[in-house]
Amino acid sequence: MTTPLLRGLNPEQLAAVTLPHESALILAGAGSGKTRVLTTRIAHLIQSGLASPSGIFAVTFTNKAAKEMLARLAALLPINTRGMWIGTFHGLANRMLRAHHREAGLPALFQILDSADQLGAIKRLLKALNVDDEKYPPKQLQHFINGCKEEGLRAHMVEAFDPYSRKQRELYAAYDEQCQREGVVDFAELLLRSYELLQRETALRQHYQSRFRHILVDEFQDTNHLQYQWLKLLAGEQAAVFAVGDDDQSIYAFRGARVGNMADFERDFQVEKVIRLEQNYRSHGNILDAANALIRHNQSRLGKNLWTAEGSGEPIRVFEAHSDYEEAGFIVDEVKALQREGVPLSGIALLYRSNAQSRVLEHALFNAAVPYRVYGGLRFFERQEIKHALAYLRLIGNSNDDGALLRVINFPTRGIGARSLESLQEIARSEGISLWQAAQLKRMSGKAGATISAFTALIESMRETCAALPLPEQVEHMLDHSGLVAHYKSEKEGADRLENLNELINAAAGFELEHSAEDVDGAPDALTAFLTHASLEAGEHQAEAGQEALQLMTVHAAKGLEFHAVFISGLEEGLFPHENAAKERDGVEEERRLMYVAITRARRRLYISFADSRMLHGQLRYGIASRFLEELPPQLLKRINHSGAAQPMQQPAASSAATGASGWHIGQAVSHPKFGPGIIINSEGRGADARVQVSFSHAGVKWLALEYAKLEAS
DNA sequence: TTCCAACTGTTTTTT
DNA sequence: ACAGTTGGAA
């Protein structure tokens, strides 16, 4: 038991890593060394000869997690991890479908639609079928279709008792037909197809079942119904499934995650050992005590209590601000103080419940010249210009991809207007063929026919040239000959886009370098492999990483990360827990888990702040402290105000949005001789120009000049 | 085809 | 507040 691999593991970790060949559930608390256990288990199985690298199937949710697992494994063992079945659910499903595309009923060059592509496909479908998109909103339909697929249901299996549902079901069926015709597959389809493939093809199923004797699942609490069924099918009777998860960190129920899979798993796989990893190596005691106390308020839990060998550490600092503006000011000051103490900005996180909250915070940080980096938002492969470029590439790979064709047939403009397109679509529909094939028929007359022919000829010529070129040159050739580069060169604000297109060539070069020429996850050629890569991992959330900056992100985005110091902002009822959550079943419990995740991100110092008033949707809203604050043991907290004194203040801080020395402040109750009682909700200007906005109980909202209005405090 | 004004919907999000 | 989308006019 003293092989170097196992050294330094605590008893629970060791037990998990060295479990015999049986299915097990590992309840891994935050900061308990989950990834280490997972990778060490794989390494242990291989090293001790209990499994060969090819007999291991390890699945994660994100590419980041998969990459980390591979990297750590490579560091533990001198083996080639390439070719091992370690990846994301979608990545592995894709690999399986590529390998058996014929049996799965897919073309060899099938392309993957991301969410935006899928939505576009649905809009196109509705238009083609003349369906009122107000009655059947595309977004809702997308949600419906994905929901069905994630339940493992094909259109014909969906129950529908009213006309509306029947229509939805019909549209689902039509959507699947359209995808099949075009040779494209959406995210949920990757999993469903691969599930059906295993279910239908007995020999194939048995092959994989006997091959993968060890299946390891990361973040098991986030699996949805289909993912669980898929794993069950793959495991068969022989495999040992090693499921690692934390029910207290389940924060994705809103997108279909079923924590219930954990209980089902215990039953379905006759799990005898539930191992709890409760020793936390990340945070000081006070932080863990707070997290434990909070999460105890949840009813449905498997039960777990984090502890640490470290001391209690500092108290949790709680700050009540008058406004979101003042809250931001407080955070800026504290960040600067931490910086002075020598804490690097990259070790500090500023978390919020919803993205909209970042604006005020960013504003304050910008004004204070504190470098920061916001996570979330547009990713590289989701940018408009990149999407256009990828559409050209997709069309080169697969001419039947109507979505790709429609995206670029008139971009840059080639004089192919709506009329020409409509007649082309008419031909395609009546013949049951793709737009490309319809264009080949050359049935269109006159100028429209000529311009369309010119387009198909262009694509054909690019296809021929590209066939002989290495991937980066293919991309470059396409960019030059499609007219994209010329188009963005002539556009006044096209410089960034040009840069991104250039970056696409680099991305292709990097991709080719990393994945040796042939056989990337079973893709038939480099271009398809690259396009798959673009769909399956849309790239970094923000381009310039590495730079020393404060880390801003939502609590969701912070899951899995840790920081020396953490600020959790906006702890108000309605915001956190979010008001919408109260309406959903178990909504508040999920919000509480979210808060639990937020707290457990902090290693040494934790700030929690809330504001009595904040701008939301363009309106000033008054809030009260979140119930989650009351659920934290008071003895762990230190309440502070802006000046650092221990008691809450009477007067607004001088730097706040209040009207300076005039004595009025936002939130103050006032009365007016004519309008009656009200509350100050906003202010602007100074001295003689000072005005306040007052929300009167009976007279509505009004702006009043302080110099003239006879306002009285009340 | 292009541009601007009006309109909308704003929790969280990976693949 | 604000960004993204759409519909109509130029």
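Each residue, glycine too, has its Cβ placed from N, Cα and C.
Quick caveat, the model's predicted, so the values are computed rather than measured.
Feature annotations, courtesy of TrEMBL:
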- A:Ala28, A:Gly29, A:Ala30, A:Gly31, A:Ser32, A:Gly33, A:Lys34, A:Thr35: ATP binding site (BINDING)
- A:7-284: domain 'UvrD-like helicase ATP-binding' (DOMAIN)
- A:285-560: domain 'UvrD-like helicase C-terminal' (DOMAIN)
For A:Gly29 (ATP binding site), write down the residues of its own chain that are at least 6 apart in sequence and whose Cβ falls under 8 Å from its Cβ; none is a fine answer.
A:Asp246, A:Asp248, A:Arg276, A:Leu277, A:Glu278, A:Asn280, A:Lys304, A:Leu306
Please list, in sequence order, every residue of the chain apart from A:Ala28, A:Gly29, A:Ala30, A:Gly31, A:Ser32, A:Gly33, A:Lys34, A:Thr35 whose Cβ lies within 8 Å of the Cβ centroid of the ATP site.
A:Val37, A:Asp246, A:Leu277, A:Asn280, A:Tyr281
Cβ-Cβ neighbours of A:Ala28 (ATP binding site) (radius 10 Å)
29
Where does A:Gly29 (ATP binding site) sit by DSSP, helix, strand or coil?
coil
Between A:Ser32, A:Thr35, which of the binding-site residues has the fewest other CB atoms within 10 angstroms in the structure shown?
A:Thr35
A:Ala30 (ATP binding site) has how many other Cβ neighbours within 10 Å of its own Cβ?
24
All-chain count of other Cβ atoms within 10 Å of A:Gly33 (ATP binding site)
21
Looking at the domain 'UvrD-like helicase ATP-binding' (A:7-284) alone, can you tell me the average pLDDT?
94
If you draw a 10 Å sphere around the Cβ of A:Gly31 (ATP binding site), how many other Cβ atoms fall inside it, taking every protein chain shown into account?
22
